[in-house]
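Beneath this line is the structure, given in structure tokens, with notes to follow.
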Amino acid sequence: MKEMSANTVLDSQRQQKHYGITSPISLASPKEIDHIYTQKLIDAMKPFGVFEDEEELNHRLVVLGKLNNLVKEWISDVSESKNLPPSVVATVGGKIFTFGSYRLGVHTKGADIDALCVAPRHVERSDFFQSFFEKLKHQDGIRNLRAVEDAFVPVIKFEFDGIEIDLVFARLAIQTISDNLDLRDDSRLRSLDIRCIRSLNGCRVTDEILHLVPNKETFRLTLRAVKLWAKRRGIYSNMLGFLGGVSWAMLVARTCQLYPNAAASTLVHKFFLVFSKWEWPNPVLLKQPEESNLNLPVWDPRVNPSDRYHLMPIITPAYPQQNSTYNVSTSTRTVMVEEFKQGLAVTDEILQGKSDWSKLLEPPNFFQKYRHYIVLTASASTEENHLEWVGLVESKIRVLVGNLERNEFITLAHVNPQSFPGNKEHHKDNNYVSMWFLGIIFRRVENAESVNIDLTYDIQSFTDTVYRQANNINMLKEGMKIEATHVKKKQLHHYLPAEILQKKKKQSLSDVNRSSGGLQSKRLSLDSSCLDSSRDTDNGTPFNSPASKSDSPSVGETERNSAEPAAVIVEKPLSVPPAQGLSIPVIGAKVDSTVKTVSPPTVCTIPTVVGRNVIPRITTPHNPAQGQPHLNGMSNITKTVTPKRSHSPSIDGTPKRLKDVEKFIRLESTFKDPRTAEERKRKSVDAIGGESMPIPTIDTSRKKRLPSKELPDSSSPVPANNIRVIKNSIRLTLNR
């Protein structure tokens, strides 16, 4: 019996080695204390509504069953209308697949369902958005039905018996769709258009993730905890440059592969251990990328120069492999890595019995964290316009973050994913206002008593991008405005209610009081390390910008309240020369010369001449010698400035096979920049399996990032029609 038991254990261990691209770090089974900590983790998560009860789960199944029947009926009707033989119509089939958090089994109460409608080859996409849309319109229980055909992944959105559903469409090059269809088969992608491939990709990635984890239930519980933590800490948003649900799932799946037998409480701790020490931009891979003869574009930095600029690559496991985190910027990566380290310190305390899981789920003190903030405001005159406008502005905020990162004097631009309702007293002409806050860290300049910083171009190129996109999709309407204002921490009470600021401050002090040696971070004090006083000027400058219609009336000029902190509105012509190396044009035409002034507070000084007394912006790559910026400190900037690289480095050799090798604990993969491969090799003597095959990547901490494929703004035509839009000029002086 003992021999059989030993053989069983050995067989189990051999099987576990097939998960992931390296051997596991530990095969240790959980102890009793691990199960106790796991139960405590579950108890800590329950108040946040992350678990659905049986009744709610069954209701979702009923709704999906109804939707599946509707799809089959519709496909049958379409088949008849296209004169297919009755024998074919009877067996044509059709099916609904789910993906995303629901398919992974980690959806929360009230969450929507991502679903895919799969149809046979004779059903067109136009049928889906026309006849099926009409069928849904007349179906009982359907509410808020809307189609988004021009989206990156075209979708129909609706509520069905109280459940929100996002339904995408794909037709396969086969005559019938059986109930046991396996979408993981790569051959299903043959002869499909790109929109169908994108639609199928969600299901294929989700299913592949579930096939690549050793224990699905442990994976699900761990992922629930990590997703809740990420949302609570303000780093859950693919749109804003953090990570979305699929990316978090892949990071947790990789952790499960490395510790295949661990309990969820242990895996949460190991998650922070692994990714607080991960050497980005080495990619996270769940399996070796597979080649295919379908010749679809895949993520490969050896072949695609743009892939070398990705800062935090997490590669989807299903063909065609893609980087799910191409929106990540230098700032968002810095914030996330800091959060990984903080999470590791907290879970260390929890597993030592010094703290409990509720501490891990405490929100951050964002409004006490920084000395300087930029308030971004989006407003519209009607609720319907506001919903559209806010969605577009939010989707482009990462453009603003990128612009600010390229500013010579900015170390970090941290956007808070949560938006807030705006103060209507500041926007009397628009009743619908939303605000976002960006925490800013400015660089310390050596041997300078004061620094004059001009953020005008960074803001204007961002607003031009948004207005151009709105015009291109015929969204831009009278009353839609964007404004940006620089404020200091002590002035935030002009924008946010006291309970929000006080609550955050209280939590911050509580964190400090309860922190032990293991929780002391490397952050410097804001009050001691930043340049102290600042003087800034916000100039609202109206000028012509694109409109969707030639007869559109002019938008009224926004007048700021004189009580607004450190904000000075000077509505006058402003000529801002474009910064070197940026391709986004500033749209402008005839400028209204009307001038309105408001006396500034005594602490403010307005530069008398635009461009004078302002240190010119020179974009530079990040200097590794300066180290990572502390999230609430100031880093030094040297006098010697190196221009940004304007082209991708050449590749002398191209390895033939992707290979990822991780070290024990350090977990370094071999997707290395060739220039540092030897250095890293000397650091490592305990590599796990496989030989090193360097693939060039580029750490673009302070280098020029290539534009996202979603943002073809610089190449968009400049419209001839104009609508006058308020623009902000932001200049400030930082003193020691």
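Residue 1 is the first one shown; counting continues down the chain.
Using the three backbone atoms N, Cα and C, a Cβ is placed for every residue, glycine included.
Sequence annotations record features per position, and here Swiss-Prot assigns N6-acetyllysine to Lys2 based on a large-scale study or a structure entry. What Swiss-Prot lists as phosphoserine is Ser23, Ser29, Ser525, Ser599, Ser648, Ser684, Ser708, and the listing cites a large-scale study or a structure entry. Positions annotated as Mg(2+) 2 binding site by Swiss-Prot, on the basis of similarity to another entry: Asp112, Asp114, Asp166. The annotation Mg(2+) 1 binding site is assigned in Swiss-Prot to Asp112, Asp114. Look at Swiss-Prot and you will find Phe152, Lys157, Asn327, Arg398, Asp532 tagged as site 'Interaction with RNA'. Taken from Swiss-Prot, the feature compositional bias 'Low complexity' covers 521-532. The feature phosphothreonine is assigned by Swiss-Prot to Thr654, with a large-scale study or a structure entry given as support. Per Swiss-Prot, the feature compositional bias 'Basic and acidic residues' maps to 673-685.
A count of other CB atoms within 10 A of each Cβ picks out Asn327 as the most crowded of the recorded positions Ser29, Asn327. The Mg(2+) 2 site, placed at the center of the C-beta atoms of Asp112, Asp114, Asp166, has further neighbours from the same chain whose C-beta lies within 8 angstroms: Gly100, Tyr102, Ile113, Ala115, Lys157, Glu164, Ile165, Leu167.
For the binding-site residues listed here (Asp112, Asp166), the lowest count of other CB atoms within 10 A around the CB belongs to Asp112. Between Asp166 (Mg(2+) 2 binding site) and Ser29 (phosphoserine), the C-alpha separation comes to 40 Å. Looking only at the recorded sites Lys157, Arg398, the densest Cβ neighbourhood within 10 Å occurs at Arg398. Comparing Cα positions, Arg398 (site 'Interaction with RNA') lies closest to Asn327 out of the recorded positions Asp112, Lys157, Asn327. Rounded to a whole value, the Cα-Cα separation of Asn327 (site 'Interaction with RNA') and Phe152 (site 'Interaction with RNA') is 15 Å. With respect to Cβ neighbours within 10 Å, the recorded positions Asp114, Phe152 differ, and Phe152 shows the lowest count. Asp112 (Mg(2+) 2 binding site) falls within neither a helix nor a strand when secondary structure is assigned with DSSP, and so counts as coil.
In this structure the C-alpha atoms belonging to Asp112 (Mg(2+) 2 binding site) and Phe152 (site 'Interaction with RNA') are separated by 19 Å. Secondary structure from DSSP puts Phe152 (site 'Interaction with RNA') in coil. The two recorded residues, Asp114 (Mg(2+) 2 binding site) and Lys157 (site 'Interaction with RNA'), have Cα atoms 10 Å apart. When the C-alpha distances from Ser23 (phosphoserine) to the recorded positions Ser29, Phe152, Lys157 are tabulated, the minimum falls on Ser29.
In the three-state DSSP classification, Asn327 (site 'Interaction with RNA') falls within coil. In the three-state DSSP classification, Arg398 (site 'Interaction with RNA') falls within a helix.
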